[in-house]
Amino acid sequence: MKIKSSSEFVLLAFLVAFCAVGVCQGGSLTKNFYRDSCPNAEEIIKNATLKHVTTNNQLPSKLLRMHFHDCFVRGCDASVLINSTASNTAEKDAIPNLSLSGFDVLEEIKAELEKKCPGIVSCADILSLAARDSFQKPMWEVRTGRRDGRVSLKSEVSTNIPSPFQNFTVLKQFFENKGLTVHDLVVLSGGHTIGIGHCNLFSNRLYNFTGKGDQDPSLNPAYAQFLKSKCRSLTDTTTTVEMDPNSSLDFDKNYFDILNQNKGLFQSDAALLTNKGARNIAKELTNQAKFFTEFAQSMERMGNIGVVTGSSGEIRKKCGIIN
Ligand code: HEM
Ligand SMILES: *[C@@H]1O[C@H](CO)[C@@H](O)[C@H](O)[C@H]1NC(C)=O
Ligand SMILES: *[C@@H]1O[C@H](CO)[C@@H](O)[C@H](O)[C@H]1NC(C)=O
Ligand SMILES: *[C@@H]1O[C@H](CO)[C@@H](O)[C@H](O)[C@H]1NC(C)=O
Ligand SMILES: *[C@@H]1O[C@H](CO)[C@@H](O)[C@H](O)[C@H]1NC(C)=O
Ligand SMILES: *[C@@H]1O[C@H](CO)[C@@H](O)[C@H](O)[C@H]1NC(C)=O
Ligand SMILES: *[C@@H]1O[C@H](CO)[C@@H](O)[C@H](O)[C@H]1NC(C)=O
């Protein structure tokens with residue numbers, strides 16, 4: 001690249017500095033990082049993950065969401081796995097942790113790897129790989145070489161994980177803060193084709209949208225009726241509904257079919273239709289082959305956010321505890 005002006009130089013310097021703090025898409029991960037140091041690592045993770053999926057068909061949704069929450073707070077450094085201590089309240093104990101689970105599975109996989117190759121395989125890579133391997137067929141590539149972070153703060157969650165009540169502008173900003181685009185935002189929201197949501201995260205849309213006992217006009221009325229039969233009041237914090245009611249265990253493009261019929265569960269889903277560009281992307285993604293291709297690319301970008309590599313961070317002995 002030829003630098004033509006001082007303003008271009010400033011821009012370049014800015015980008016370099018930006019990359020140094022880990023916001024830019026790290027090219028430092030590699031394919032099969034543990035090839036020499038722990039040759040069976042990836043296979044051990046895959047086998048163990050699939051074993052757990054046979055007895056827990058919700059594991060893929062749990063791990064996919066956990067991977068997202070990890071990557072958006074301090075990068076994909078397994079900070080989401082750290083337990084709170086007497087002197088620190090960790091990410092796990094922040095409000096949006098509702099139904100985060102699968103910690104025990106990751107800890108078990110970690111223990112197995114520690115037996116085979118102690119101190120080699122990071123929890124950050126275990127989570128990244130297990131999230132992918134929990135699906136029947138590999139849907140995206142996972143490069144490895146992430147190391148584990150040493151900090152996990154409850155206070156950093158709400159400023160980095162978007163809430164389901166947010167509008168398009170805010171969602172776009174949260175993704176841009178991680179170096180992701182509107183395209184990534186729409187594509188990755190397709191993760192909501194599996195899994196569940198708690199009533200209290202959308203029941204305002206059913207019962208009190210603007211504080212006048214009203215319903216969200218952007219929500220499909222027939223679907224609102226159906227949701228009301230599940231979520232009986234604004235105070236229900238325990239009932240859950242499937243986000244993609246007819247195939248919540250299948251990773252397919254149905255999320256986009258539903259979204260386009262104004263049946264997105266959260267305001268943050270519906271918000272994707274409020275922007276012309278995002279709305280067009282949501283239409284395109286009703287083509288399943290296209291969705292799968294795009295999802296793979298966006299997941300790889302998400303899996304690169306703020307990765308800790310080289311000699312930074314550590315390789316935790318247990319995923320729940322900093323060494
Ligand atoms: C665009 C911003 C996003 C918002 C506001 C959001 C919000 C939420 C909320 C509120 C839930 C329900 C949690 C519960 O009630 O237990 C949820 C579930 C889920 N999210 Fe997202 N999410 C977003 C993006 C993503 C991304 C990028 C992914 C992954 C690619 C993802 C994957 C999932 C999955 C798989 C579940 C189901 C979890 C389960 O079944 O326990 N979400 N999300
Ligand atoms: C993983 O599972 C396959 C198929 O069951 C088996 O052949 C292989 O030996 C397993 N690998 C490890 C490292 O356990
Ligand atoms: C979520 O946070 C709450 C309170 O902050 C805590 O009691 C709960 O155990 C956490 N859930 C998970 C799955 O860590
Ligand atoms: C989106 O939400 C933010 C924060 O709640 C608010 O400041 C902003 O005005 C909203 N934007 C639109 C277009 O509604
Ligand atoms: C609906 O919202 C309004 C305004 O926030 C509040 O005063 C009212 O109590 C709410 N209604 C219910 C049933 O919670
Ligand atoms: C699920 O399938 C049923 C029966 O085919 C249909 O009536 C319903 O509208 C579907 N649900 C959604 C959210 O599309
Ligand atoms: C983390 O906390 C959970 C819940 O309190 C506990 O079951 C788990 O064993 C802890 N993990 C570690 C590594 O101590």
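Keep in mind that glycine also has a Cβ here, set from the backbone N, Cα and C atoms.
Using a 10 Å Cβ-Cβ cutoff, His69 (active site, proton acceptor) registers 21 neighbours. According to TrEMBL, the active site, proton acceptor annotation covers His69.
Sequence-distant contacts of Pro162 (substrate binding site), defined as residues of its own chain at least six apart whose C-beta falls under 8 angstroms from its C-beta, comprise Val170, Leu171, Phe174, Phe175, Ser268. Here TrEMBL flags Pro162 as substrate binding site.
In the three-state DSSP scheme, His192 (heme b binding site) is classed as helix. Taken from TrEMBL, the feature heme b binding site applies to His192.
Feature annotation from TrEMBL assigns Ca(2+) 2 binding site to Thr193, Asp244, Asp252. Note: Asp252 (Ca(2+) 2 binding site) has non-local neighbours Thr193, Asp244, Gln288, i.e. same-chain residues 6+ apart with C-beta under 8 A of its own C-beta.
Classification of Cys38 (disulfide bond) by DSSP places it in coil, neither helical nor stranded. Residues or ranges marked as disulfide bond in TrEMBL: Cys38-Cys117 (among others).
Residues or ranges marked as disulfide bond in TrEMBL: Cys71-Cys76 (among others). All protein chains included, Cys71 (disulfide bond) registers 29 other Cβ atoms within 10 Å of its own Cβ.
The disulfide bond annotation in TrEMBL covers Cys123-Cys319 (among others). Under a cutoff of 8 A between CB atoms, and with a sequence separation of 6+ in the same chain, the neighbours of Cys319 (disulfide bond) are Ala78, Leu81, Ile82, Phe103, Leu106, Glu107, Lys110, Cys123, Ile126, Leu127, Asp148.
Taken residue by residue with DSSP, Cys231 (disulfide bond) is part of neither helix nor strand, so it is coil. Taking Cβ-Cβ distances under 8 Å and a sequence gap of 6 or more within the same chain, the neighbours of Cys231 (disulfide bond) are Cys199, Phe202, Ser203, Leu206, Thr239, Val241. Positions annotated as disulfide bond by TrEMBL: Cys199-Cys231 (among others).
Across the domain 'Plant heme peroxidase family profile' (28-323), the prediction's mean pLDDT works out to 97. Summarising the annotation, TrEMBL assigns domain 'Plant heme peroxidase family profile' to 28-323.
Under the heading signal peptide, TrEMBL lists 1-26.
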Rounded distance in angstrom between the Cα atoms of Cys76 (disulfide bond) and Cys38 (disulfide bond): 21
Rounded inter-Cα distance in Å - His192 (heme b binding site), Cys38 (disulfide bond): 34
Nonlocal residues around Cys117 (disulfide bond), in sequence order (Cβ under 8 Å, 6 or more apart): Tyr34, Ser37, Cys38, Ala41
Distance-selected recorded positions near ligand 1 (C-beta under 6 Å), from His69, Cys76, Cys117, Pro162, Thr193, Cys319: Pro162
Cys38 (disulfide bond) CB neighbourhood, other CB atoms within 10 A: 17
